[in-house]
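A.B. asks: Structure provided below as structure tokens; questions to follow.
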């Protein structure tokens, strides 16, 4: 018969001589043609060779009907998206690592609020690294046979990708919870709360990931775990993410209510109030920007609003880490002031070092120094010592 075959678009199962195999069109065709329920067929010939798909992909899967762009145009379109989100994740990683170094280097920034920010930075860095890893393992080689690809490395890459997404959403939720707690209470600066936040931010995604891996192994251990998932497997990941987004959205509404109440009740607006407003402003900018959009697509099929989903989740989403670093670190007045102080300190130290070297050089090259050196040379010269010796003998 005919062996399992990967034709570059879909995987065809084994077939006996003369058998006609019928499979549904690949899911990605449905996503950009909005056509569903189409099928392809191939015949296993007597010579043990697969025939060409009939009808062809473009006709059978409604490509000509549902898309105004040809296959090459679509390939260029998605390649452009790949370049955009690769650049976005690279910019995010660079800015987030820089922000981590800033927060770690200055003791002034070692506080509960910034500890939470730093863990959020790490979750975004892991998300970017997971995307790069998944692309490198699964899609770097276009000649790879995806029918036979079911290795530990590719499954680990997908599992790491799913974990990074979960951790990122959970840490966004921690940010929202901390902001609301800070607005309601006044004793959250104690370090004991940091450990609870760390346990929740990393422990919950680990538990969910452990459940997902076990379910995958026992119920749907196919391919590289990046294929279509059944309901149970899908909602193990999607459910917690949706829950975090819903809670964060509720927190967002409640925080706005608290802020409006506090701002109305304050007459003078002291320094304590300005701290609340500054922190609330930065976090409120993040909550609607990250994660809330997931609600829009959560209850619809994957093919719904594909282009909008691509723009938001890949285009804008890849720059999330960069925006987080910008809001929480580089645009923070305290960070800017501290960096300016450190820069002035470095410049002053450079000036002192230069002045010290200049004075030393001036002393070495001064006329007085030359006279002193000549006097010393005259005293220790052999000729001088010989004359002294002779005078001494004559005297004796």
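Backbone N, Cα and C atoms are what each Cβ position is placed from, and that goes for glycine too.
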A.B. asks: For the transmembrane segment entry in TrEMBL, name the matching range from 235-259, 335-359, 360-384.
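C.D. replies: From TrEMBL, the annotated transmembrane segment range turns out to be 235-259.
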A.B. asks: Quick one: which of 59-80, 279-300 does TrEMBL have down as transmembrane segment?
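C.D. replies: The listed stretch tagged transmembrane segment in TrEMBL is 279-300.
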A.B. asks: Taking the transmembrane segment (235-259) as the reference, which of 87-106, 118-140, 160-186, 193-215, 312-331 gives the largest number of Cβ pairs under 8 angstroms?
C.D. replies: 160-186
A.B. asks: Using Cβ distances below 8 Å and needing 3 or more such pairs, separated by at least 6 in sequence, tell me whether the transmembrane segment (312-331) contacts the transmembrane segment (87-106).
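C.D. replies: By the criterion, they touch.
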